[in-house]
Amino acid sequence: MQAFLKGTSVSAKAQLTKDRGTPATAGSSGETKKVKPVPWVEKYRPKCVDEVAFQDEVVAVLRKSLEGADLPNLLFYGPPGTGKTSTILAAARELFGPELFRLRVLELNASDERGIQVVREKVKNFAQLTVSGSRSDGKPCPPFKIVILDEADSMTSAAQAALRRTMEKESKTTRFCLICNYVSRIIEPLTSRCSKFRFKPLSDKIQQERLLDIAEKENVKIGNEEIAYLVKISEGDLRKAITFLQSATRLTGGKEVSEDVITDIAGVIPAATIDGIFTACHSGSFDKLEAVVKNLIDEGHAATQLVNQLHDAIIENENLSDKHKSIITEKLAEVDKCLADGADEHLQLMSLCATVMQQLTQNC
């Protein structure tokens with residue numbers, strides 16, 4: 001009887017497993033295929049060089065290089081979010097195809113250890129590997145690899161100097177692409193060995209068109225004014241704008257995305273709060289000013305964010321003379337430096353707002 005029960009249990013378990021496996025098989029055949037969630041920044045990253053927006057000169061040169069399969073060492077520099085990394089990744093995919101892309105490309109960014117030891121070992125070992133000149137699909141493939149050093153301006157001078165010799169020795173089998181925001185932080189011997197390309201800041205129109213296209217594909221309810229506001233607070237960084245758009249969409253849960261939602265997502269200080277600071281400064285009351293600053297800190301707003309937004313508000317203020325603007329701007333620079341050095345936020349903001357109050361009351 002016990003054996004019989006065991007047998008029944010086993011057979012029942014087998015039947016249960018079989019039954020459970022049936023819908024999984026049906027799902028794997030394509031009827032109910034589950035799509036993996038992907039960040040929109042990666043989902044809408046350019047897949048080929050021609051999809052790169054607003055960088056016509058760079059695209060034209062790369063297109064000629066891809067046609068001849070003759071790629072020089074590259075140096076991409078420009079503001080963040082303008083497509084530097086996306087451009088070289090798209091070019092590498094076109095050169096090597098999806099099957100060889102992982103084998104032929106080594107990508108290192110600021111999150112990786114990139115001291116002199118890494119340049120001497122990891123980069124050098126990868127560069128010394130020999131590769132064939134053909135792909136599995138029969139298409140021609142250049143006989144070299146690509147090393148992408150993202151945020152190269154954060155590398156030490158010693159690591160950059162070590163990289164110089166590696167670039168020379170492995171020129172037959174490896175091409176290097178250095179990506180940075182500030183080209184002045186790259187040593188001259190490296191820049192002289194690379195073809196330099198400056199990535200221009202994306203215009204507001206280009207960014208708005210791209211965001212509207214993504215919003216349409218993702219069925220996001222958002223108006224043109226909200227898109228324009230999103231572009232403004234992103235400060236020319238399209239990557240940041242796309243991330244804010246996705247976060248705002250998830251927060252609203254399918255409802256229309258408003259400016260207030262975008263403000264909360266982006267960590268921007270509301271315009272009403274900035275106006276409240278100016279109102280307190282105009283009043284000439286130090287007690288009112290202290291209450292406003294204390295409330296600002298209690299709400300969790302970043303002091304550096306306030307400095308940036310106050311700077312824009314001061315520059316656009318038509319009631320202030322150029323002399324008063326210059327005094328306040330100089331104070332903004334001092335406060336920004338002190339905050340970067342770890343000074344107390346409350347004291348620095350009080351000092352800044354006191355200067356603004358002094359200039360506003362003198363101007364009246």
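Cβ coordinates are placed from backbone N, Cα and C, and glycine is handled just like the others.
As recorded in Swiss-Prot, the features of this protein are as follows:
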- Gly78, Pro79, Pro80, Gly81, Thr82, Gly83, Lys84, Thr85: ATP binding site (BINDING)
- Met1: N-acetylmethionine (MOD_RES)
- Lys6: N6-acetyllysine (MOD_RES)
- Lys13: N6-acetyllysine (MOD_RES)
Same chain, not part of Gly78, Pro79, Pro80, Gly81, Thr82, Gly83, Lys84, Thr85: whose C-beta falls within 8 angstroms of the C-beta centre of the ATP site? Give them in sequence order.
Phe76, Asn181, Phe199, Asp237, Arg239
Same-chain residues at least 6 apart in sequence whose Cβ lies under 8 Å from Thr82 (ATP binding site):
Phe54, Gln55, Phe199, Lys200, Pro201, Leu202, Gly236, Asp237, Leu238
My understanding is the cutoff is Cβ-Cβ under 8 Å with a sequence separation of 6 or more in the same chain; which residues meet that for Lys84 (ATP binding site)?
Phe76, Tyr77, Gly78, Ile179, Phe199
Among the binding-site residues listed here, Pro80, Gly83, whose Cβ has the fewest other Cβ atoms inside 10 Å?
Pro80
Here the binding-site residues are Gly78, Pro79, Gly81; which one has the lowest number of other Cβ atoms no more than 10 Å from its Cβ?
Pro79
Sequence gap of 6 or more, Cβ distance under 8 Å: name the residues on the same chain that satisfy this around Thr85 (ATP binding site), in order along the sequence.
Ile148, Asp150, Ile179
